[in-house]
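Residues or ranges marked as domain 'Major facilitator superfamily (MFS) profile' by TrEMBL: 11-448. According to TrEMBL, the transmembrane segment annotation covers 12-32, 52-71, 78-96, 167-187, 259-283, 295-315, 327-345, 357-378, 390-413, 425-444. Annotation source TrEMBL lists region 'Disordered' at 198-219.
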Amino acid sequence: MSNRPPQQMNIIIAMYLGYAAMMICRQMVTILSPALLADEALALTKTNIGDFAAYGTLGALVGKLIWGPLADKFGGRFTMLVGIFLTALFIIAFGLSPNVMIFTGFSFLLYCTKSSGWPAMTKLIGQWYHPQGYGRVWSILATSSRLSVVLATLFFGWLLSFMHWRTVAFIAAAFALVIFVGCYFYLQETPEEPDFFKVDENKSSSNTNDDSNTDKNRNADNFESALAEKKALENRYNHPLKNTSPVAGIVNFAKSPRVWLVVIMLMVLTCMMAFLDFVAIYLMESYQLTPSQAAMASTVFPVGSLVGLLTAIAFYDRFSKQGIRTVLTISLMLSLLSVLTLQYLPLFNLNTQLNYLVALVAIFIFAFSISPAYYLPMSIFSIEYGGRHSATLVCLIDAFGFAASAIFAFIGGRLADSAGGWSSFMNMLILISAVGIVAVWAFMQAEYRAAKQGSYVE
């Protein structure tokens, strides 16, 4: 009997908890910020807190350029273990920091090491899971980032009510180190059997031959599914970039129209996801909420994103590339409708309470609609197209997304402060959402054509 399910369950649990540990350590900078400002011995200002975030974002961008090639060279297990250990180490150092310069430096290093998580999981998923299960696995793992942030904010925020902030930082690090020990024992780089998916390959070939030679009346969808499974496994075992150098891989990426399409798509979607950074302030100023009320209400965005990913677990791998193209395009249209609702809601002359409820629903639907398109196609594409260079590819794509997000934050804040206020901000978000529909459709159309031609790499 195959022992794949128990092994795969151990791997996905280890990855889920490992990535959650890194996300929690990274989030501690934000969670501890109010306590840092209140600590008179530190004499920090809001500008200092902003610098922590700015240098942290820079660290994340630098980390993307470092950890991708390292994961390709040393493997996903090594990369994830080092990432968990270093994030725990740096949050301890952050908790011991005596001044602004040291805080800023460790914030940079903390965000940089957290960037190891996604490329590490990219390598491990490519080794441990069937190509036609990538969507489900990525959907599950992507919930780790959202769920861990929500739970960490609630739990460590509660601890801050009766503990010193340094103690809370050390508790977060201790949690990460416990996860590190568990991952050390349960996380494996590759399956012990060389032909881990050989049974699937044989089954796929058998199904394809049956459909084409002996059972002409079998549903055409089943035939296409079996053929797609066979091609996916062939690509996994005999990838065109299998024996290429990292430089040759990057050159191939640079020449590929599909790589540039996914880069453009992710840049647009990252800007849309960055709306989260403005949601609390938007709600506070638009609906006269207190800061506390606005912060609580803004959780509707990560909850919507989480629900979107949970929904994707059920449907993503059940559709062909053509079906996914249709579903994601409709989903992005729904996100545009949500932003239009926020922009033109005052024209409906609803009462204040109803306006507020409609706005929350619109924000929820916006996050729900974009999260599957943001997390899944790029991650799956990086494994299928990148092959042995998948971690480098996923990090390069992510780096473009980080750059776009920084530009969005820079422009968005100034638009919200301009004479046009949130109306100008929403107009920009409407434009970006419209471009997002085209970008998602264009990339998924290219993926559909490549799958139809049986060409994973150009």
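Positions of Cβ are set from backbone N, Cα and C atoms, glycine also.
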Quick one: do the transmembrane segment (52-71) and the transmembrane segment (390-413) reach 3+ CB pairs under 8 Å, ignoring pairs fewer than 6 apart in sequence?
yes
Taking pairs 6 or more apart in sequence, does the count of Cβ pairs under 8 Å between the transmembrane segment (390-413) and the transmembrane segment (295-315) hit 3 or more?
no
Give me the stretch from 78-96, 295-315, 327-345, 425-444 with the greatest number of Cβ pairs under 8 Å to the transmembrane segment (357-378).
295-315
Determine which recorded stretch among 78-96, 295-315, 425-444 has the most C-beta pairs below 8 angstroms with the transmembrane segment (12-32).
78-96
